[in-house]
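All remarks here apply to the structure that follows.
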Amino acid sequence: MAETAPRPSLFTPASTPKTTPAQKAQHIQYQDVTIRNWYKKINWLNTTLVVLIPLSGLYLARYTPLTRPTLLWSIAYYFLTAFGITGGYHRLWSHRCYSARLPLRLFLAFVGAGAIQGSIRWWSANHRAHHRWTDTMKDPYSVMRGLLFSHIGWMVLNNDPKVKGRTDVSDLDADWVVVWQHKNYGKCLLFTAWLFPALVAGLGWGDWWGGLVYAGIIRACFVQQATFCVNSLAHWIGEQPFDDRRSPRDHVLTALVTMGEGYHNFHHEFPSDYRNAIIWYQYDPTKWLIYAASKVRIPFLMAPLAYDLKTFRENEIEKGRLQQQQKALDRQRAKLDWGVPLAQLPVVDWDEFKTRCAEGAKLVAIAGVIHDVESFVVDHPGGKALIASAIGKDATALFNGGVYEHSNAAHNLLSTMRVGILRGGQEVEIWKTEWNRLEKDTKGVAIVRAGDQITRAGAPTVAAVAA
Ligand SMILES: [Zn+2]
Ligand SMILES: [Zn+2]
């Protein structure tokens with residue numbers, strides 16, 4: 001899948017004396033799979049951590065009894081390490097949605113390492129690229145390269161490192177917790193992912209092996225798969241209430257498996273908001289925990305663990321939501337027949353209009369627009385006689401209250417019958433200017449709201465009746 005992806009020209013420098021484009025293209029990502037090179041396609045370190053060890057854990061589980069305390073500990077450690085990713089790696093370090101004091105940063109760096117998803121620095125650099133170049137080749141886990149690629153393929157395959165976008169992580173380099181964790185990530189991983197859960201279960205209730213298999217290996221496997229769903233499922237299933245030009249979506253299912261990260265359409269629009277779900281009943285435990293941390297005061301310091309929680313103004317959020325709703329409405333509007341746009345109608349002289357009617361055409365002029373009512377005469381709710389009496393005439397006033405103040409539906413229906421514009425018609429000059437001022441939909445068709453139809457006159461036009 002990813003192997004066939006074309007190399008973006010953007011990454012080929014204009015003049016590279018040392019390496020030609022052909023040589024550069026020799027990265028394993030661009031080579032066809034053969035019996036000789038297939039193993040080079042695989043990133044073996046990542047594959048070991050996210051595929052082979054989890055599989056061996058599932059195998060070992062067949063021979064390892066699961067005790068009740070180990071099960072409870074595994075679930076608890078699952079949530080702690082998942083929060084290390086969602087509340088720490090993601091919302092604190094990647095997006096700086098809030099600030100955290102040292103005890104909380106240490107805790108999040110510890111449990112985050114236990115999720116086996118790389119160091120904070122590596123994870124955040126990728127994630128910032130994902131936000132900045134969503135759905136492009138520079139997005140490290142672009143869903144455009146396939147659901148499986150965005151879920152796990154981007155890690156287990158050996159991708160050309162030059163393709164993914166570069167991001168600024170200088171702010172992270174200023175946090176010694178991040179730098180230390182990055183430098184010592186191997187040791188951190190060994191301890192937090194496997195040894196620590198085994199130690200707790202072993203020292204706590206004597207289940208060393210169960211602690212390693214269930215609270216260590218299998219727990220990490222579940223956390224990994226849940227988090228990977230944010231990159232895959234959250235860009236695949238659900239609704240797009242804020243913007244539909246890119247792939248992120250909101251879905252309660254992805255929120256349930258990712259501690260609230262499933263409201264991903266909102267998140268991509270408002271990434272520095274510490275919330276992903278903004279409605280109180282939506283499932284976003286990460287938000288609740290960050291909020292709770294902002295209420296917990298560190299003893300002696302008397303300062304909260306988390307502070308400076310960022311939220312976007314409600315006004316901005318509602319603007320996005322409304323624009324998206326408008327877009328959906330426009331799409332529905334475009335499916336309907338609103339009549340031939342006025343600009344496309346032929347301009348007809350009054351004499352020609354009269355002649356055509358004398359020849360048998362069933363034409364009625366209303367507000368300077370000529371309508372062919374032939375197919376409608378028999379269906380006219382006001383009776384055949386009334387509409388027939390208007391044929392060959394300017395019925396502006398009759399239609400607008402002279403005989404009957406026609407409904408909005410009638411004006412809408414009338415617009416579908418228009419066939420021409422009357423040259424020099426009384427209202428033409430007025431509505432031409434007005435019509436140009438009307439808002440246009442995405443296809444350039446004027447948006448006509450109820451009561452704004454061109455055939456609707458403010459008051460019966462006496463002069464027109466005389467015509
Ligand atoms: Zn995303
Ligand atoms: Zn994000």
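The count begins at 1 with the first shown residue.
Any Cβ shown, glycine's included, is placed from N, Cα and C.
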The annotated transmembrane segment range in TrEMBL, which must be one of 70-90, 280-300: 70-90
Of the residue ranges 44-64, 212-232, the one that TrEMBL records as transmembrane segment: 44-64
Seg_contact(the transmembrane segment (70-90), the transmembrane segment (44-64)) with at least 3 CB pairs under 8 angstroms, min sep 6: no
Cβ contacts under 8 Å made by the transmembrane segment (102-120) with residues that lie 6+ beyond its boundaries: 49-50, 77, 80-85, 87-89, 92-93, 172, 175, 177-178, 181-182, 185, 188-189, 191-193, 196-197, 220, 223-224, 227, 293, 298, 305-306
Beyond the flanks of the transmembrane segment (140-157) by 6 or more, those residues with Cβ under 8 Å of it: 1-3, 5, 29, 41-43, 46-47, 50-51, 126, 129-130, 133-134, 164-165, 228-229, 231-233, 235-236, 247
DSSP helix/strand/coil residue counts for the domain 'Cytochrome b5 heme-binding' (345-423): 34 helix, 18 strand, 27 coil
Overall pLDDT for the domain 'Cytochrome b5 heme-binding' (345-423), taken as the rounded mean: 86
